[in-house]
Amino acid sequence: MAMWRAAARQLVDRALVGSRAAHTSAGSKKIVGVFYKAGEYADKNPNFVGCVEGALGIRNWLESKGHQYIVTDDKEGLDSELEKHIEDMHVLITTPFHPAYVSAERIKKAKNLELLLTAGIGSDHIDLPAAAAAGLTVAEVTGSNTVSVAEDELMRILILLRNFLPGYQQVVQGDWNVAGIAHRAYDLEGKTVGTVGAGRIGRLLLQRLKPFNCNLLYHDRLQINPELEKEIGAKFEEDLDAMLPKCDVIVINTPLTEKTRGMFNKEKIAKMKKGVIVVNNARGAIMDTQAVADACSSGHIAGYGGDVWFPQPAPKDHPWRYMPNHAMTPHISGTTIDAQLRYAAGVKDMLDRHFKGEDFPAENYIVKEGELASQYR
């Protein structure tokens, strides 16, 4: 009898462990999405799914499966809509374009939280070590907007080199002064362009720059495939400080980590060539905000362009709004309609896999089973 009871107890214990392991695939879940609000533009395009109103196009699908789906743009402070749902939400979906900052304090409050999804690329709005310590899964839709961002970077390089914005402003203001534009307009051909980071976006940018007959350099933790390197015609620069003074144009394509936060400070910018063009669609916090503004004012940086700020949305008094010779916009490069459809489909796929207890594509994981992806270590 004692042996029978012990065996029965083992079966019960196994069942309990199994029920905890299957927790993500059983029952109704509360999913919270934090996106930017579209307002009057919501109905302008049926494929505009990356906003609050579009809700990634997954509301009907989620609700048909019995899940609760809360969508908001209100994300900051203890009185925010997001804060009301932190304690009992199971999944949080947010986006780099209007990020919900997930601190260690918020993670501690989120007793039911299982999964943090980024609709897009870049999960630095999450305290990743805290998420790993809490046993949460963090994932993003890798590759969903790499083309979108690389194209945008190329556009900003040309806008700044050709001194396009002052010409546009002249037309709008009713002026006509060719000299006011031409005195600092340059060709891209023959210039040395260096990318700091040569991951998916950095490689795509280098490929798109090749037809312009530039001298292409890149700095990264790892050297890219030799065959691709030869095909692109790019040269690996192991020493970043040695690469910077060689470049007429520098593009930031590295993720935001504790190592890269504030990397481009006054001292690092001083190593750049005087009159350099800098494009940053990676993350605003990689740059020292005031150092960039000062370098633009002094002319050391001849033009600074990008769509990433810290924090986001950028406050009205952010110095980058008012510095000279900039081509800054809100965070838009990775949220084209094409990109929205890709990252919406990726989010739906991962949610479906999560509900079924299946793994995601390996490249999508940022935190899995307590381990951070290599780029965030």
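Cβ coordinates come from backbone N, Cα and C, glycine included.
Here is what TrEMBL records for this protein:
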BINDING   I121, N145  substrate binding site
BINDING   T146, 200-201, D220, 255-259, N281, D307, 331-334  NAD(+) binding site
DOMAIN    62-358  domain 'D-isomer specific 2-hydroxyacid dehydrogenase catalytic'
DOMAIN    155-333  domain 'D-isomer specific 2-hydroxyacid dehydrogenase NAD-binding'
SITE      R283  site 'Important for catalytic activity'
SITE      H331  site 'Important for catalytic activity'
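Positions of TrEMBL features highlighted on the structure.
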residue	record	CB count, 10 Å
N145	substrate binding site	27
T146	NAD(+) binding site	20
I201	NAD(+) binding site	27
P255	NAD(+) binding site	19
T257	NAD(+) binding site	16
K259	NAD(+) binding site	12
R283	site 'Important for catalytic activity'	24
D307	NAD(+) binding site	24
I332	NAD(+) binding site	13
G334	NAD(+) binding site	28
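Among the recorded positions I121, N145, R283, H331, the ones whose Cα sits within 10 Å of the Cα of D307 (NAD(+) binding site) are R283, H331, in sequence order. Sequence-distant neighbours of H331 (site 'Important for catalytic activity') (same chain, six or more apart, CB under 8 Å from its CB) are P96, F97, H98, D307, V308, W309, Q312, listed in sequence order. For I121 (substrate binding site), the same-chain residues lying six or more positions away in sequence with a CB closer than 8 A to its CB are P96, E140, V141, T142, G143, S144, N145, T146, V149, G334. I201 (NAD(+) binding site) sits 13 Å from R283 (site 'Important for catalytic activity'), taking the CA atoms of both as reference points. K259 (NAD(+) binding site) sits 13 Å from R283 (site 'Important for catalytic activity'), taking the C-alpha atoms as the reference points.
A straight line from the CA of I332 (NAD(+) binding site) to the CA of R283 (site 'Important for catalytic activity') spans 12 Å.
A separation of roughly 7 Å, to the nearest angstrom, links the Cα atoms of R283 (site 'Important for catalytic activity') and P255 (NAD(+) binding site).
For the domain 'D-isomer specific 2-hydroxyacid dehydrogenase NAD-binding' (155-333), the predicted model reports an average pLDDT of 97.
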